[in-house]
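Residues annotated as active site, proton donor/acceptor in TrEMBL: Asp267. Positions annotated as Zn(2+) binding site by TrEMBL: Glu116, His184, His205. The substrate binding site annotation in TrEMBL covers Ala127, Asn208, Ala209, Arg216, His245, Leu301, Ser302, Gly303. According to TrEMBL, the domain 'Amidohydrolase-related' annotation covers 35-374.
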Amino acid sequence: REDLWVREGKILNPEKLFFDEKGSADIQLDCKDSIIAPGFIDVQINGGFGVDFSLATDDFKSGIDLVSQKILSHGVTSFCPTLVTSPPSVYHQVLPQISIRNGGTHGAGILGAHLEGPFISKEKKGAHPEHCLRTFEAGAFQDLLATYGSLDCVRIVTLAPEMKRSSEVIRELTKRGICVSLGHSVANLSQAEEAVQHGATFITHLFNAMLPFHHRDPGIVGLLTSDKIPAGRRVFYGMISDGIHTNPAALRIAHRAHPKGLVLVTDAIAGMGLAPGRHTLGQQVVEIDGLNTYIAGTKTLSGSVATMDTCVRHFQEATGCSVETALEAASLHPAQLLGIEHEKGTLNYDSDADFLMLNDSLYVQATYIAGEEVWRQDALGM
């Protein structure tokens, strides 16, 4: 019902404009009863539209540009390109080609890389290639540095906290402002709590690639209601709300147990936006059948082909939560996880004017970055 004021890429407090500057709007836009919401932030996306972020190619940069352009139509205004477990040579080639940058007409902003593996559990490797898995035993943090080559553009690292010496690694990463996520793990609850006490703040795709909830030892899932989380800290958890990776009842359980920590992620792979068939996920071949994605020849789920706006709609439908709650799970919560909630994830004054117009069914009508329209549905004759 209200107006949203934007100037120079930021959301403006109109009182200052009226009273101090005696100004008015230069351009007025009729939003035709749309919902205006903060742009979506995807902190786990492995690729899409035929591009796989875990493949070291000569035209890697044009691949990342293509994905950042195409996800604007899904309402994503910034993202963390995600690499699955790979040989060190891949990290050494790919990571220098990922640069943190603002979004714009060229595409969604890049917040830094999410490195999912290779320091994960063999038992819960999921779609990650076993021959590339590594441990910290020899040199702990030095091993990690040698594997990745550089942490300059790294924003999130997913690791298994039950690994020997993981505590030192978690502390070192946290000290550098890198978010540590627990995942692909057989950790019990006390190992998970210890990891959080050392600085971990996120859980990679809750319920997937971890021990199932057990009443005597709820494992990583137990962090949602743990009483051992340090005061003033919040544990966030990613969920792939595509109707395949997690049963709607599991989605509801997690949401009711810890609504403020839920972060929607797509975990999308190269096959997102493409026809069913065979595609890649890092070192593996993946088969897409409808919304199901499996490691070829197996029934191992491997990422998703769901788009972020689809995940938001499915989450809202499955949980019956309010529209605001569904939208915050894809915007405010990921921003809080990354510590950028003063710039992104809200429509507060002085924050970045990255926002969406949606219809009442939560389909994206238009996407704006820094106050500039970067995608509109009717412009593409859709």
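Note that Cβ sites are derived from N, Cα and C of the backbone, with glycine treated the same way.
Spatially close to Asn208 (substrate binding site) yet at least six residues away along the chain are Gly126, Ile240, His245, Thr246, Leu301, judged by Cβ distances under 8 angstroms. Each of the binding-site residues His184, His205, Arg216, His245 was ranked by the number of other C-beta atoms within 10 Å, and first place falls to His184. Across the fold, the C-alpha of Ala209 (substrate binding site) and the C-alpha of His184 (Zn(2+) binding site) stand 5 Å from each other. Across all of the domain 'Amidohydrolase-related' (35-374), the predicted model scores a mean pLDDT of 96.
Here the Cβ of Ala209 (substrate binding site) has 26 other Cβ atoms within 10 Å, regardless of which shown protein chain they belong to.
Comparing Cα positions, Gly303 (substrate binding site) lies closest to Asp267 out of the recorded positions His184, His205, Asp267. On a Cα basis, Ser302 (substrate binding site) lies 9 Å away from Asp267 (active site, proton donor/acceptor).
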